[in-house]
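J.: Summarising the annotation, TrEMBL assigns transmembrane segment to 12-30, 42-67, 120-151, 163-187, 199-222, 234-253, 265-285.
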Amino acid sequence: MLAPPGTLPRLLYAVFLAAPLWWTVALVVRDLHRSRRGPRRIGPYPCAVLGFCAAAGAVSGWFGSAIMTGEKPGIMPEIAVSMFALLLTGVGGRMVPAFLNSAGQRLGLPSTPLPAWARLPILIPLGIAVLITGTALSAALTCLAGVILAAHMTTWRLQYARYDCLAALTLIAYAWLPIGLILWGWTRLPTNWPLPPPPVWSITASHTLTMGALTGLIVTVMARTSARRGDRRLHPRAASVIGFAILMAAVPVRLAGFTPTSGMIWSFGWAVVLLGHLPHLIGPLQRPVFSARRTL
């Protein structure tokens, strides 16, 4: 953003800040149209990308433009974090155990069934928490969703992560969600509740969901596009793994209160990821993009 704060109308700031994510929406829509596939053949993930980028663009534009114009965002940041947590919980709750199952299936190991209804006990309280953001009940429901999610994850084939690096990275990123939901809900509970005080502030706790879960899942999905194909599986590039490790290391540093240091670590991690992806951003796209099942 080259224009200094307060020099442009808020609408222009909002459009500029939302443009990268909405450009992604346009690219995905274009490719979906070119594929000439019906909704059933497309699957849930492209639709999830569309929903996420559209929502993220709107939130980034609204929240960012408020900062650039000096206006108070109100409870919009809380709503944004809650919405992203809900989306990541729903999409990742299907994606991560599916990756773990695939890692085991290659070795002939048993899989865990993934019924859609199994996520409802998590998504329902979290969805209600989004609708009533700013209340004590919203904070309590967020904590409850985090506890239920942690218990739900114990039913997955977690041990299969050692057979697939990308599945392991995705699991690590997703593991920030139950931690973040519990911690972020806890920090927003009223002080008169019979609970010990939280170890961090609410804004700090939200970074477990943004810097941890959101960033981690974005990088692990990116890593699939640049991964080497072979043996009917994906082998992540060294830059993806190193960049992911650096980004994840920034989260506990931020929780410890070292904000400038965590920002530098986080930025360096993204730089490593970007440098590792440059050849794939310039060269032809590997296909299939996110899978290696149809490759040798």
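Quick reminder: no glycine exception, Cβ is built from N, Cα and C everywhere.
TrEMBL: automatically predicted annotations, no manual curation.
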J.: Short question: which residues 6 or more past the ends of the transmembrane segment (265-285) have a Cβ under 8 Å from it?
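T.: Same-chain contacts beyond the ends: 211, 215, 219, 222, 225-226, 237-240, 242-247, 249-250, 253-254.
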J.: Using Cβ atoms and a strict cutoff of less than 8 Å, what residues sit near the transmembrane segment (163-187) while being 6 or more residues removed from its termini?
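T.: Beyond its ends, the transmembrane segment (163-187) has Cβ neighbours at 81, 85, 88-89, 92, 95-96, 99-100, 102-104, 106-107, 126, 129, 139-147, 149-150, 153, 195, 198, 200-202, 204-206, 208-209, 212-213, 215-217, 219-220, 223-224, 227, 233-236, 241, 244, 248, 251.
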J.: In the same chain, which residue numbers or ranges, 6 or more beyond the ends of the transmembrane segment (199-222), come under 8 angstroms Cβ to Cβ?
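T.: For the transmembrane segment (199-222), the far contacts come to 77, 81, 84-85, 88, 92, 166, 169-170, 172-174, 176-177, 179-181, 183-184, 186-188, 240, 243-244, 247-248, 250-251, 254-255, 257, 262, 266, 273, 277, 290.
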J.: Within the same chain, where does the transmembrane segment (42-67) have neighbours whose Cβ lies under 8 angstroms from its own Cβ atoms, ignoring anything closer than 6 residues to its ends? I mean 6 or more beyond.
T.: 5, 10-11, 13-15, 17-22, 24-25, 28-29, 32, 35, 73, 76-77, 79-80, 83-84, 87, 91, 94-95, 290
J.: Do any residues of this chain, six or more beyond the ends of the transmembrane segment (120-151), have a C-beta under 8 angstroms from a C-beta of it, and if so which?
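T.: Beyond its ends, the transmembrane segment (120-151) has Cβ neighbours at 75, 78-79, 82-83, 85-86, 89-90, 93, 177-190, 193.
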